[in-house]
Every structure is written in C-alpha cells, then in structure tokens.
Amino acid sequence: MAAGVAAWLPFARAAAIGWMPVANCPMPVAPRDHSKRQDELIILNVSGRRFQTWRTTLDRYPDTLLGSSEKEFFYNEEAKEYFFDRDPEAFRSVLNFYRTGKLHYPRAECIQAYDEELSFFGIIPEIIGDCCYEEYKDRKRENAERLQDDQEDKKDFKPPNMTFRETIWRAFENPHTSTMALVFYYVTGFFIAISVLTNVVETVPCGSTSQKDISCGQRYTVAFFCMDTACVMIFTVEYLLRLFAAPSRYLFMRSVMSIIDVVAIFPYYIGLVMTDNEDVSGAFVTLRVFRVFRIFKFSRHSQGLRILGYTLKSCASELGFLLFSLTMAIIIFATVMFYAEKGSSSTKFTSIPASFWYTIVTMTTLGYGDMVPKTIAGKIFGSICSLSGVLVIALPVPVIVSNFSRIYHQNQRADKRRAQKKARLARIRIAKKGSSNAYLQTKRNGLLNELLDLTASEEEQQHLNKTKSLLESQHHHLLHCLEKTTGHDFVDEQLFEQNCLEGALQPYRSRTPSTSSLEGMTGTCCSRRTKRSVPLPIANAPASHAHPLALTHTLPKSPGLQELSAINIQCAEKQIHSSSRSNLNMQTNEVDRRNCKQQKVTTAIISIQTANTGSPAEDGGHGLPNRGASVVTTTSSNIIKVSAL
Amino acid sequence: MPAMEIQGMEVFAIAVVGLMFVMVLKQFGMWEPLSLEDISESELEMATVRHQPEGLDQLQTQTKFTRKELQSLYRGFKNECPSGLVDEETFKMIYSQFFPQGDATTYAHFLFNAFDTDRSGSIRFEDFVIGLSVLLRGSVNEKLRWAFNLYDINKDGYITKEEMLAIMTSIYDMMGRYTTPSVKDDAPFEHVEKFFQKMDKNRDGVVTFDEFIETCQKDDNIMSSMQLFENVI
C-alpha cells in the first residue's frame, strides 16, 4: 500500500460503519492500539544532519528498520534522538520514501553505496518508482558486468584436474594461457593470411604463353595446389580438434564460426572429389568463391571484427529500416522517372526495373552517368531523387554508429579493467603483506625488547617501542593467540619460499642461506614437496615418520632469525638450546617446528639444531616448515630436542 | 499523344516545384498559415484548481475532533491530494487499494456521494472531516443516520429494494471471486430480502428512516458494532 493511502486507513475503517446495519453476523473485535500516543516528532540524526519527521510517517512501513522497533537500538538517551552513522545524502531518499511512498534513485549516487544503504534500512530496491527504475537497473547491470569481468579473469587460474579435452578447449578459447596455444593461434592466423593471399594472387595474370594472358593460377598449378592443400590441412585439423574439444558438440556445430570454418574448407574437398567433368566444373568454379570465406576466420583473431559483427547484429532493426525505406524510395522514384522519361526518344529508361538502377545510383550519390534523364520533368525528379537519397541514407547511420561506439567502448573498458586488475591485485597484496609485515615487525621488536631488557638500555628500548594503536596491538595479540593455538608461527613469504627451495635441493646443508627477512608461509611451495615427506602445511599428512629424507624443508633461518634465536636463547628458560650460533646455522632437516611441545624426535638427519629450529615434527600434523621469527614465542616453551640419528 | 504525356508529367513536375517554393517561404516566415489558432487557450490550462480549507478554529467548532487530530488528519489528506480536493476517480483509486481482491469502485462511488454532501463532485477537507466526525465521534443515532444516507442513493428519504440491491451488490463485489463459500449470483438479492424482512415493518416495500432506526436500536449486534470504530483516530 502506498504511504499516503495508509493515511486513509482510518477513513476506510470509519466508513465501514456503513456495513454494520446490513451485516448478518456480529463483527470481530477491533485491534487495540496499545501504544497509542499523540503523534510526535522524531529526530533522526544521520551523521550530524538532523532529520525530523512524524512518528506515524515512519510507522507506515513496519517491516523496515525505521518503522519497526529495530530503531530503538539506535536511540540516544541523552540527546533523545536516533543516531545513525550513515550517509546523509542517501538517507534523504530513504526518508522521502516514507513520506511519499515512492523510492527514488538519485543519479549522483553510486549504485553499490545506494544498495547498501537500502539494505541497511531494510528497504527492498524493487519498489523503486518507475521514474527511476530504468536508471537503477541500467546501473545495476553495468555493475554486475564489471563484477562478472572480474570473475572471468579468475578463469585464468587453471583449475586442477582438467581433462585433456577441457585443456584443449581452454587452449583454443584463451590462447594466452599456454605457449602451445599461443603458437597454434599464430600459426593458424598466418595460414589464413597465406590462404587468402594465394586465392588473390591466383587470379593475377602473369605472363602469357599464347595470345591471351593466363593467370598465375593456371601457370603454376602445382604450386598453388600445394599451398591450398597445406592450408586446408591445417584448417581441417583445427576444426576437428575444436569439434573434439567442444563441451557441447551440437552447440559448437551450430555456431557461426564453425559454419564459416566448414564453408572455408568445403570447396577444396569437393574439388578433390569432382573430376574435370565439363558439366559440373562450372558449378565447381562458383564453389571456389566460397574460399574467400576464409577471411572471416580472422574474426577469431581480431576483436574489432567481432565487435563489428556484433554491432551489425544488434542493429539489425535499424538496418532493416534502412533497407525498407530505401526500397520504398527506389520504387517510387523509379516509377516517376520512367513515366517522366517515357516520352523522350532513345531513352535508356526502358522499363521501371531498368529505372531502378538509375534510382539506386542517384540516391547513393554515385552518379555513374550511364543513364541520364533528358526531359525537364525527368531532371526535376532526378534532382529530387538525389536529394532525398542523401537524407534517407543518413538517418539510420548515426544509430548504427552509436551502437558500435557503445559496444566498442564497453570492450575498451573491459580491457582497461583487466589491465588495471593486475595493479589492483598487487595493491591488495601489498596491503595484506603490509599488515602481516607489521605483525612480524612487532614480534621482532618484541624480541629485541626482551633482549634489551636484560641490557637495560632505556633509550634503545623506547626507540623500539613504537607506539602502536590499540587496534593494531589487539590484532597482533589475536595473531599471537593463533600461533599459540596451532603451535606454529607466522613467517615472511620470501624467506619461506627460499627455504623451501633450499630445503629441497640440499637436505644436508648446514647453512641456511636465508635472507634476513623472515620467511613467509605459503602453502604452495611446500605442497609440491610433499613427496619429500614434509607434512604438507595444508594437508595433514603424517609424514614425519616417513622419510629420512624428509626434512628437507626446514626452517631456514635467516640471519636475522639467527640473531633472534641467539637472543632468545639467552632469555629462554631452557638451556638446552645450544646457543652456539653455528648451531643455529645448521640447517635442520627435520621438520621443524616451533612447536610448543615437542615430543618426538623425528628422523632427523642432522640432529643439531637449535631449539627453535628444530624439532621433530610433531605428529606430522603441522607441516609448516617455516618459521623463523616466531622463535620468541616458542623458545620459552620449547623443549629442544636434538634429534640425532 | 506522346506530347500530351510529357505535358502531363511536366505539369506535375511544376506542381511539385511550386510546392517546394511554398515550403521555403514558410521557412522564412513570410507565409502565414491561414489557421490562426488561439495560443492563449493552452495558457488557461495552467491554472489548476486549488482549494484551501476553512480555518482550524472553524473546523474545530464544526467537528468533534481536537486540534491535534485535525492537524494529523489534514496532513494525511493533503499528502494524498495536494490540490486539496478529492475527485471521484482519485477517491475510487484510494479506496480500491484497501480491497485488492475485489472491485471496490461501485461502493466507493456510493461512499463518495455520501461524503460529498453538497454534490459538488469533489470532496473537500471539510466534507471529509465532518463525515469522519460523525462516524467516529457522533452519537449512535447520528451514525445510523449517516448509514441511512449512504443507502438512500437518491436521497429521497426512502430506501427502496433497488437501492438496497445496488448497495448490496457493490459490497459483495468488494469480496471478489475467491471466497469460501463462493458467492452465488443471487446472494445479494437474498441478503436484501433478509434486510427488508427485518427492517420493513409495514411491508410497503420501502424502508423509512424511522423504521430503520427503530429496528437497529432493537438489534444488539448492530448497536455494539456501531461502537467498534471508536478509537480509530
């Protein structure tokens, strides 16, 4: 019910008294309005801007936030108002909805922001009034397309376990995904060009043996035949491969591109089959015309061509109109010209269809001059014809042009978005790393802090004690708790990968060429090394028991880490840590971990390890091989076991 | 013969040329078209009808509503009808929104006539509020009189069977098709018969106001239902 109409409900109820005398049955009891109170003004404070309205206005829509008791959550007792921390601009439309019953979409508003506001206030966007609905839907569609583009880009990530068929299809559709596909793409493009070129050159006259010129095709029959064969071979192979790989063969066969493919290679096979029979060779020659369709195969290689084709398809109605109006005009003018020129002698306008040619040539302003009116009337009508021709043709053209421009720009936008996507993702990645780096940095500082505590150097301590915001410290505390829960620590990405590699290559190396930064944890690096028996970070494979070789990934230590470890050792309770630096440098082959409790000794090859580094893997569950920085946390609780074989 | 044909076409051609000349002259504004319609007519359309109600104080004396109630009522009224007048079409539209399943237009028509006491064709705020005052704050007798007025379509003081049938049909129309049990075609007629049996004491085929009041006052159901909408506002 519209809002205004709701105001008439009391009236409708009152008018119901008119039914009472004729009613047969007793009436039901009326609902009591317990919360009846005088209509009062409510103040809605939206980010400082105060809106005021009657309570009954808001009560019109009880299933929204403002109309229900949900708004009590936002009530500010001291100021006796409802405070909402939202955008006041968008709130205007929301409030107007209550007032007038119509929801409008302000054009200046971003569609996503507006949608969020609506959902916050519990209003469904479908009730947007007709005046703004078109605009809203258009914007929403554009936004959805943008999101879809983002989604499609994710398709570039090769999903695992694709069948051979799917791989081929993907290679065909997105040539840039693999080198082979790219090669194939360029090869086919090249051969299409070659094929078209040979078709053209075939007809060029080159040299003459007898009196007449013969074309190159007739002169070098064998060469051209070989070229043609080669091209058709490639095209046939390509077509068959596509047919094999297509997810839906029936749909593929019906698609335009496949029809073009077939038409392009068909004449050749027909030519093979047919002999030099005189009767059919005429028809055969016509078939050769179809060879030119090979040029359409370029549309797979050129986006512009595709856009053009798509534009023409979408402008079909305008083109149809153009054609229709032209036909009408042609017929009219041809008739008029015919009758005008009928009287003049030796006129070329022998019949109305013959005049069609003149009309077409004049209307498109070609003006060949092979048919020219001689009478005055004919000339007058001829000039009118050419003037109107310009107009009739000019009318639908801008529509087609604007369609083409719109589609073209859309594609441009999509391409731009794709290009920017990389930058965007990089930015997001940096932001994420930034926050994780902050945490790792904090930990390092924490370590140094502890160290300095011992040395009691105030200034340095203060220097390290950067003031952290409350939010940050709480976040770090949270990450810390997670570390404690799993018994693993966060490390820097680079270090982690590096260590992975090293671990893989040199199981027995004693020195970690780690970089200074802390390693990061990434799952992928280690996952590939599963065989090495390192328990996967992700998969909880109890690989620890497996292999002697297993511990290839280890915690590579960075020099920084080493320092830390050294430091830690000092502060650690356990003395078992071999505090020698060299120990720290020892690369541990075991699955190390910084686990809080280490129980078993895994089959570590190199036993020496510092407490931090190593420890026998815990029951294979935690396969995270990295870790470096978290030394701090674990040291205190670690029992270092030197595993030795 | 050929000469004549040429001539025919030439005449035609010259006619076309003449036509184009005329068009060019029109373009230059040198040729006034013969029809000079009044441009001023369209301007009259702009003055829309607007109505302002009588003052708050006056309405307070005329009705039994408090000042605040009148304010609230007017706000709702003005919101829906900014021009201050409700014409029959708008009224029908508003009323139909409350009865989505059936067709409320006929009953709305009767209702409109009941409110539009001075037969002006539109309901002003005064009519609206005076009618509501009777319905919500009036005595039972006043309410019954209002109902009688509603049924008496031609306002002659008598309710005939035809009038009652029209009213009843319109009420049943509001129910729509999807009811249980289904509305039979003669249901309104039956209902009217029952009504007349109850109301028409002297069996003269019409119901006068006194008969109406008398019967209603004796009927407890009706009396209690009259109080039903006391606290609507």
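Placement of Cβ uses the backbone N, Cα and C atoms for every residue, glycine included.
Your range for transmembrane segment, going by TrEMBL and the list A:182-198, A:352-368, is A:352-368.
In the predicted model, residues of the domain 'BTB' (A:40-139) average a pLDDT of 90. The stretches the transmembrane segment (A:380-401) and the transmembrane segment (A:220-241) are not in mutual contact, being linked by fewer than three Cβ pairs under 8 Å (pairs 6 or more apart in sequence). Counting residue by residue with DSSP, the domain 'BTB' (A:40-139) contains 47 helix, 20 strand, 33 coil.
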